[in-house]
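Taken verbatim from Swiss-Prot:
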type: SIGNAL; residues: 1-17; note: signal peptide
type: CARBOHYD; residues: ASN27; note: N-linked glycosylation site
type: CARBOHYD; residues: ASN37; note: N-linked glycosylation site
type: DISULFID; residues: CYS40-CYS115; note: disulfide bond
type: CARBOHYD; residues: ASN45; note: N-linked glycosylation site
type: CARBOHYD; residues: ASN73; note: N-linked glycosylation site
type: CARBOHYD; residues: ASN83; note: N-linked glycosylation site
type: CARBOHYD; residues: ASN92; note: N-linked glycosylation site
type: CARBOHYD; residues: ASN95; note: N-linked glycosylation site
type: CARBOHYD; residues: ASN104; note: N-linked glycosylation site
type: CARBOHYD; residues: ASN116; note: N-linked glycosylation site
type: CARBOHYD; residues: ASN121; note: N-linked glycosylation site
type: CARBOHYD; residues: ASN131; note: N-linked glycosylation site
type: CARBOHYD; residues: ASN144; note: N-linked glycosylation site
type: TRANSMEM; residues: 210-230; note: transmembrane segment
Amino acid sequence: MTHLVLLLCCCVGSVCAFFSDLVKFENVTAHAGARVNLTCSVPSNESVSRIELGRGYTPGDGQLPLAVATSNNGTHITNGGYNYSLTLEWVNDSNTSVSLIIPNVTLAHAGYYTCNVTLRNCSVASGVHCNYSAGEEDDQYHANRTLTQRMHLTVIPATTIAPTTLVSHTTSTSHRPHRRPVSKRPTHKPVTLGPFPIDPWRPKTTWVHWALLLITCAVVAPVLLIIIISCLGWLAGWGRRRKGWIPL
């Protein structure tokens, strides 16, 4: 018995889910100024006689519909008293999907929208969408059924940027504040001191520098070598006279 109840609950839940998912009318979020398509659709194997789009959380809501699409008369805009432009277009050839187009969305468009879809020629094959019972043999098999779905349009306001204030200075010298003299950076003109051209910003190595470097190495290197050898010899005891040692 428990298994039967669970199975029945699963079947009822699946049927309810099928009811709620039959009409697709999904939420949309867009920035102000963007082009927005509010698409309401049902499966293409359904037969649609009328699709009505309106403002509000529930159908009607005391407001006129925005747009109506019918399978035989095409589409037309009623605008429902709103002062903004709309376009309604069939999306597919089977006339089971329409898009309400808002070319320049503003904060006035934000809110809930409803989509009422009227199905026609309901049959046993799609009987789960129709009001009928298996024991009835009447026109209720073919009765029209209206399904409703709602969505919410969220409009993100445009970011406002504060205007830049430009301050223009007059050329009059009577009110010009006194400015302290600013020391200027030395120019990049090289200074010549004798045979050595000196540029403090871009020093360049000349032949004079190389010649002085070679002379310095030639003079200083032997002197340093002699000093180093002498120090090593002194540390090693060279030249010291040892006891018992008589030089020849």
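Each residue, glycine too, has its Cβ placed from N, Cα and C.
The structure displayed is predicted, hence computed values, not measured ones.
Here CYS40 (disulfide bond) comes close to VAL23, LYS24, PHE25, ILE51, LEU53, SER97, VAL98, SER99, LEU100, CYS115, VAL117, GLN149: these same-chain residues lie at least six apart in sequence, with C-beta atoms under 8 angstroms from its C-beta. In terms of C-alpha distance, the listed glycosylation sites ASN73, ASN83, ASN92, ASN116 place ASN116 closest to ASN27 (N-linked glycosylation site). Within its own chain, ASN104 (N-linked glycosylation site) has GLY33, ALA34, ARG35, SER85 as residues 6 or more apart in sequence whose C-beta sits under 8 angstroms from its own.
For ASN45 (N-linked glycosylation site), the nearest of the glycosylation sites by C-alpha distance turns out to be ASN95; the candidates were ASN37, ASN73, ASN95, ASN116.
In space, ASN73 is the closest of the glycosylation sites ASN37, ASN73, ASN83 to ASN95 (N-linked glycosylation site), judged by Cα positions. The shortest Cα-Cα distance between ASN37 (N-linked glycosylation site) and any of the glycosylation sites ASN73, ASN92, ASN116 is the one to ASN92. Between the candidate glycosylation sites, ASN27, ASN37, ASN45, ASN83, ASN116, the densest Cβ environment within 10 Å is the one around ASN116. Taking all protein chains in view, 20 other C-beta atoms sit within 10 angstroms of the C-beta of ASN95 (N-linked glycosylation site). A separation of roughly 16 Å, to the nearest angstrom, links the Cα atoms of ASN92 (N-linked glycosylation site) and ASN73 (N-linked glycosylation site).
A separation of roughly 17 Å, to the nearest angstrom, links the Cα atoms of ASN73 (N-linked glycosylation site) and ASN116 (N-linked glycosylation site). For the pair ASN116 (N-linked glycosylation site) and ASN83 (N-linked glycosylation site), the Cα-Cα distance reads 22 Å.
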